[in-house]
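Feature list (source: TrEMBL):
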DOMAIN    28-469  domain 'Major facilitator superfamily (MFS) profile'
TRANSMEM  20-38  transmembrane segment
TRANSMEM  84-103  transmembrane segment
TRANSMEM  115-137  transmembrane segment
TRANSMEM  143-171  transmembrane segment
TRANSMEM  183-202  transmembrane segment
TRANSMEM  208-229  transmembrane segment
TRANSMEM  281-302  transmembrane segment
TRANSMEM  346-365  transmembrane segment
TRANSMEM  371-392  transmembrane segment
TRANSMEM  446-466  transmembrane segment
Amino acid sequence: MKSSVAPGIRLITSFSRDSWYRSFILFLTFIFYTAYHLSRKPISIVKSELHRNCSTVIRPVDLNITNNATWCDWAPFDQDNYQTLFGVLDNSFLVAYAIGMFFSGIFGERLPLRYYLSAGMLMSGLFTALFGLGFYWNIHSLGYYAFMQVMNGLVQTTGWPAVVACVGNWFGKGKRGFIMGVWNSHTSVGNILGSLIAGVFVSSAWGMSFIVPGIIIASTGILCFFFLVEKPEDVNCTPPQHHVSHIRNISLPNESNTRPVELMHASISGFHGVLCLTQGVVEFSLCLLFAKLVSYTFLYWLPLYISNVAHFEAKEAGDMSTLFDVGGIVGGIMAGLVSDYTGGRATTCCVMLIVAAPMLFLYNYIGQRTIFPYIGMLLVCGGLVNGPYALITTAVSADLGTHESLRGNSRALSTVTAIIDGTGSVGAALGPLLAGVISPTGWNNVFYMLISADVLACLFLSRLVYKEAQSWCGRAPRQRG
């Protein structure tokens, strides 16, 4: 009797060589950007340790102090304007990130992605660890910590355009919304892991809250150097089909839209060429500006908000804040699924943003009263806030960057991603800055600011939503998946 093949072997051989490579690249880039976000998160966890309510802390008997109110704080964050100083740290990173992102796409077009990503992760690990070493070196200079944040913000811009360009090279339009929705959970997974890792050390030696994530991202940089494959052609795999006729789902130009030959051949992947040839980039970029303003305000201020308002300790507040990111994972996947099925990227984003506005109001006023509503509201708000953000930075960016109007120039994907995420990063810088300025007047005012940002994000998508509605009413064929 002929021996049967083991079930595990049958499963392995049922996938083609191309499928294995695509799965491997998807997993690898997931790990890379998880590490990027993991290394950004510690600052939000450590804030509540740098400035504490010292009246609740047991003072060592042998400690000689001059100020009973701030003896347990870490200078210079022991001052009354500590929230402003935290805002300086946040914006040192975020402004540098926003500025660097516009240039990162240009470099990403011209440099091998494997080298670019590897160098970026190694340098990010260095500056993250140097921030934490300030604890052991007993550094109390705001300038030192701000400089480390600036440098880290610049080198972290290597990540997003490069990983999206790499994934866009390997995956066609198909079920891109769902695939990238699952893949984009690396943002929330990184935030969760960063919170948990930082929380382990925050109360005993907060410097390790930065050093350990720094080591992790540097290690993934080494992994990237040895294993990343930029394009399917590099390993004799079949490249994906990016373009289908009559794409309508994000209101892009179709095949009949003619352009001057000169423009088509002149630096098509530059900013001007991309903006001229690809409709929808401006609208989604401005929408992301306000969507990312909301998301990054939560990223940097949620643990401190929970600590101040719900009166949790630093570690507990950090652990509780991970629920927002758990909701973000679900929200990103749902946004991808719905937009794949309906063919409406802009409408999906708009609906989620509209629903998010009243949910943010309810979270601030109702969610804090008891633990179970608090958990539920955090999960729901995380999904509604991060869903549109995830969809725009992944599937929408890839759709626009590989659109037929760019004539197959895969390098243009890096520029499109940089334009969209760079504009969004302006909002990411503004959100924590405004939160630092507004929070002393009351947390209610911070939430009013976040709700207003959600409404503005919706308004910028209104033209694209209208065009998608026209296609659904029969004026143009609907494209699914």
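Glycine too: its Cβ is placed from the backbone N, Cα and C atoms.
Highlighted: of the candidate stretches 84-103, 115-137, 143-171, 183-202, 371-392, 183-202 has the greatest count of Cβ pairs under 8 Å to the transmembrane segment (20-38). Contact between the transmembrane segment (281-302) and the transmembrane segment (346-365) holds: at least three of their C-beta pairs are under 8 Å, each pair 6 or more apart in sequence.
The transmembrane segment (183-202) makes no contact with the transmembrane segment (446-466), as judged by fewer than three Cβ pairs under 8 Å among residues 6 or more apart in sequence. Annotation: stretch 115-137 has the most Cβ pairs under 8 Å to the transmembrane segment (208-229), among 115-137, 346-365, 446-466.
Same-chain residues lying 6 or more positions outside the transmembrane segment (446-466) and placing a CB less than 8 Å from one of its CB atoms are 250-251, 280, 283-284, 286-291, 293-294, 297, 301, 305, 344, 346-347, 349-350, 353-354, 356-357, 360-361, 363-364, 385, 388, 427, 431, 434-435, 438-439. Long-range contacts of the transmembrane segment (346-365) within the same chain, counting only residues at least 6 positions beyond its ends with a Cβ under 8 Å from a Cβ of the stretch, are 250-251, 280, 283-284, 287, 291, 294, 331, 335, 338-339, 377-378, 380-381, 384-385, 387-388, 391-392, 443-444, 447, 450-451, 454-455, 457-458, 461-462, 464-465, 468-469.
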